[in-house]
Amino acid sequence: MKQYLDLCNRIVNEGEWVSNERTGKRCLTVINADLTYDVSKGEFPLVTTRKSYWKSAIAEIIGYLRGYDNAADFRALGTKTWDANANENEVWLNSPYRKGEDDMGLCYGAIGRNFPKPDGGHIDLLKQIIDDLSRGVDNRGEILTFYHPGAFHMACLRPCMYSHHFSLLGDTLYLNSTQRSCDVPLGLNFNMVQVYVLLAIVAQITGKKPGKAFHKIVNAHIYEDQLELMRDVQLKREPYPLPTLKINPEIKSLKDIETWVTMDDFEIEGYQFHEPIAYPFSV
């Protein structure tokens with residue numbers, strides 16, 4: 001929790017104003033932030049200085065692992081995080097690639113589970129990684145990427161957290177996740193949860209011990225209409241101790257994640273939090 005608050009304070013105190021063309025808003029911005037989550041010690045990085053809707057965050061990462069490309073599928077899992085980008089983004093609404101209501105296009109898991117090859121075929125990057133790790137193989141390129149510049153125009157949004165690189169040392173699994181852009185007040189509390197859960201659940205289904213997850217953010221920012229709430233409300237609150245996350249031990253394979261896992265398979269213990277804060281969202 002301290003590293004999260006340190007980043008928020010750094011942006012407030014040291015950030016520079018940058019105009020964002022896509023949203024038409026200014027952002028207080030810093031470049032490069034590195035966060036670490038020790039999954040082996042159960043240090044679940046859930047924000048306590050406001051209520052965090054952690055089930056929605058986990059539902060989103062599970063949707064990515066399933067390769068979902070439709071906001072309705074994410075809603076069925078338990079999150080509405082894609083409703084606005086799929087249905088309110090003017091550029092996407094006018095795109096010839098949009099298939100209709102709730103369509104997200106080729107982004108995130110839809111790319112990672114079906115990555116286009118130059119010869120016309122596709123690679124299931126996630127399955128390839130799971131197969132390798134289950135056999136104890138680390139080819140130093142176990143990378144789940146959602147980043148495909150040639151497909152940006154075919155999606156409602158470019159991926160923000162776009163790369164997840166798994167590494168093995170003995171039987172301990174590590175993760176390096178890279179994020180090009182982060183809406184810190186709204187997005188980071190979700191992203192921290194997702195990086196932690198991704199390492200924890202991949203370690204579980206491949207029979208490895210989870211180690212540390214390293215989370216790099218390149219452009220970390222607070223939108224101008226979020227600044228007052230962050231500076232004068234959230235940063236004035238005292239954080240509570242971190243809670244712990246329990247994952248159903250019966251989840252043992254990628255097929256389990258794809259077919260029957262629900263948010264009931266995840267449990268939080270000891271979560272104390274302050275009142276929610278309704279930060280504005282920029283489409």
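From the backbone N, Cα and C atoms, a Cβ is placed for every residue, glycine too.
As recorded in Swiss-Prot:
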BINDING   Arg22, Arg180, Ser181, Cys182, Asp183, Asn191, His221, Ile222, Tyr223  dUMP binding site
ACT_SITE  Cys160  active site, nucleophile
BINDING   Asp183, Ser282  (6R)-5,10-methylene-5,6,7,8-tetrahydrofolate binding site
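Working note on the recorded positions Cys160, Ser181, Tyr223: by count of other C-beta atoms within 10 Å of each C-beta, Tyr223 ranks first. Inclusion criterion for the binding-site residues Ser181, Tyr223, Ser282: a C-alpha placed within 10 angstroms of the C-alpha of Cys160 (active site, nucleophile); this criterion is met by Ser181. The maximal spread of the dUMP binding site, taken as the longest Cα to Cα distance among Arg22, Arg180, Ser181, Cys182, Asp183, Asn191, His221, Ile222, Tyr223, is 21 Å. On its own chain, Ser282 ((6R)-5,10-methylene-5,6,7,8-tetrahydrofolate binding site) has Asn20, Thr23, Lys25, Asp183, Tyr223 as residues at least 6 apart in sequence with a Cβ closer than 8 Å to its own Cβ.
Listed in sequence order, Ile11, Gly15, Val18, Cys27, Leu28, Thr29, Val30, Ser181, Cys182, Asp183, Val184 are the same-chain residues at least 6 apart in sequence whose CB falls under 8 Å from the CB of His221 (dUMP binding site). The candidate set comprises the binding-site residues Arg22, Asp183. Of these, Asp183 has the most other Cβ atoms within 10 Å. DSSP classifies Ser282 ((6R)-5,10-methylene-5,6,7,8-tetrahydrofolate binding site) as coil under the three-state reduction.
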